[in-house]
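Shown below is the structure under consideration.
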Amino acid sequence: MVLPVPPLQQTCEHYLAALTPIVDPEELNHTRKLLEEFQKPGGVGERLQKGLEQRAKKMENWLSDWWLQTAYLDYRMPVVVHSSPGVVLPRMEFSDRQGQMRYAAKLIAGVLDFKSMIDNETLPVEYLGAKPLCMNQYYKVLSSCRIPGTKRDTVVNYTLDKRPPTHITVVHNFQFFVLDVYNSDATPLTVDQIYIQLEKIWNSSLQTNKEPIGILTSNHRNSWGKAYNNLIKDKTNKESVRAIQKSIFTVCLDAPIPRVSDDMYRTRAGVQMLHGGGSRWNSGNRWFDKTLQFIIGEDGTCGLIYEHAPAEGPPIVSLIDHVVEYMKKSEMVRTPMVPLRMPQKLRFHITPEIKKDIEEAKQNMNIMVHDLDMKVSVFSHFGKDFPKSQKMSPDAFIQMALQLAIYKRCCPTYESASLRMFRLGRTDTIRSTTIDSDKFVKAMDDPAKHNTEKVALLDKAVKAHRAYTDMAIRGQAIDRHLLGLKLQAIEDLAALPEIFMDTSYAVVLHFNLSTSQVPAKTNCVMCFGPVVPDGYGVCYNPMDTHINFAVSAFNSCQDTNAARLAQALEDALLDIKTLLEQTPKAKL
């Protein structure tokens, strides 16, 4: 299906409704007048709408190129914390390098097994209800990499090359290795063979005094773009960088980091996936531009980080689900010992200038590490089973609990909705702060309101969230449409319409709460940083009887605190459950 362009009037109406709970009446009135002007017959809105509709006729997807550019490639903040999500896998029971290698070998074999389904195009098509979803993102996550530029980045994908890559990159002690994972007859190496190769890599990278060249990828994109151009002037460096970019994926064998108590463990694992812990620990043991990096710590901390430009969370999570299942059954098969080539160590010539760039990246990374405030927790009182028993959408239920948890500041809330029902579809925004959510949250705090009224307001808010979600996944939400109208105006070289210069537009796009539901079969949790300096990032994986949450904020903001929001969220979920259990079922 082709992504539609929503009707202009519909978007303008929904835009006003989205603004109602978050801007003051005076501001709202001003915006209402601007929108009336914008929608006049024969006016600027109509002209831009026609331009978008023309674009939609000519292209497979009128939005996807624009979105890739504006959301990712033009974005100049570091990908670390600000853009790339991490995933924490359940803790593994190994505490030595043999366990680490064995697990890594099985994981690599599992990813190659998944790759064979991509290569043979035998990936089962996913459905939403009866509608097939676009599987395009699956073809973008392997053998791809982001390339920095001094003004904008690009993404390269090597899967369609005449000779697609047959190697992965392995990093240990900041040293990069090329590991061929296919035999000359194109069969993948067995777990056993991969294990032997990883042992060789480990043994030839024992010295830890190497320059962490990978930390360059964590810098501000313009600085990294400059450093990159300087780095690849040298032929050896250029070849080494190219080998990393072309690899199918990267495996980071991390050094153990200081132990923490069990209740702090998940949080620490979350930050290790997001940034590696700083220049003293594992932040240099990465190539953050690589689309897919699996992280395996010597202390059993495992997970991954992915560069967000090519894909959303769900394809990454189905890859994880597949690999975890594969690893359960894969046993070490003893292979006839054909001697395998030594994995190739990638060399880098570090000039004084590159050394200076590395030092700058280290400092900036350490500032980011100190600024990220993270709390990963398991809400163990109930999972999606409870909202289902109340005939409520679990996602809408959790979103209303979030609104209640943060209620002191009714703020713009972003929840990502998948547009994969459409060819090349990425995401649109579900706006969880609504007139109905606002009424419910205020009622919860009002002693004059009876429980039955609170339940009725909750039910209405949940249904409103569900309805907006359905609208978003059908390509009828407002955010991408407004962005499209704005970019159409820029492309037409016309003056930017006033609605885009209006304070309301800046307010509505300042997402103090950026959220995402990323459900998985595996008991994992995805985490990401806030999208604004005074905001929160909240990701959750609702399982049947518990919910995994990751909450992030910045220490540099006095008003936000990740542990405090995580606690408020737990209280809110329990308060809503108590409310529903104490209130006799009325005929709603």
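Each Cβ is built from the backbone N, Cα and C atoms, and glycine gets one as well.
It should be emphasised that the depicted structure is a prediction, and the values quoted were computed from it without experimental measurement.
Reproduced below are the annotations present in TrEMBL:
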DOMAIN    3-570  domain 'Choline/carnitine acyltransferase'
ACT_SITE  H308  active site, proton acceptor
BINDING   K384, K388, S389, Q390, K391, M392, S393, P394, D395, S418, R466, Q517  CoA binding site
BINDING   Y414, S416, T427  (R)-carnitine binding site
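Tell me about the setting of these features in this model.
On its own chain, H308 (active site, proton acceptor) has Y72, V79, S83, S84, P85 as residues at least 6 apart in sequence with a Cβ closer than 8 Å to its own Cβ.
Summarising the environment of K384 (CoA binding site), the number of other Cβ atoms within 10 Å of its Cβ, over all protein chains shown, is 20.
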Which Cβ among the binding-site residues (S389, S393, S416, T427) has the fewest C-beta neighbours inside 10 Å?
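Each of the binding-site residues S389, S393, S416, T427 was scored; lowest Cβ tally within 10 Å is S389.
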Cα of K391 (CoA binding site) to Cα of T427 ((R)-carnitine binding site): how many Å, rounded?
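About 27 Å separates the two Cα atoms.
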Where S416 ((R)-carnitine binding site) and R466 (CoA binding site) are concerned, what is their Cα separation in Å, rounded?
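That comes out at 13 Å between the alpha carbons.
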Let me know how many other Cβ atoms fall within 10 Å of the Cβ of R466 (CoA binding site).
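A count of 17.
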Measuring Cα to Cα, how many angstrom lie between K384 (CoA binding site) and Y414 ((R)-carnitine binding site)?
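Rounded to the nearest whole number, the Cα-Cα distance is 21 Å.
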Among all the protein chains here, how many other CB atoms are within 10 A of the CB of Y414 ((R)-carnitine binding site)?
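If we count other Cβ atoms within 10 Å of Y414 ((R)-carnitine binding site), we arrive at 23.
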When you average the Cβ positions of Y414, S416, T427 for the (R)-carnitine site, which other residues in that chain have a Cβ within 8 Å of that mean position?
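For the (R)-carnitine site the neighbour list reads E415, A417, D428, T429, I430, S514, S516.
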Between Y414 ((R)-carnitine binding site) and S389 (CoA binding site), find the distance joining the two CA atoms and give it rounded to the nearest Å.
26
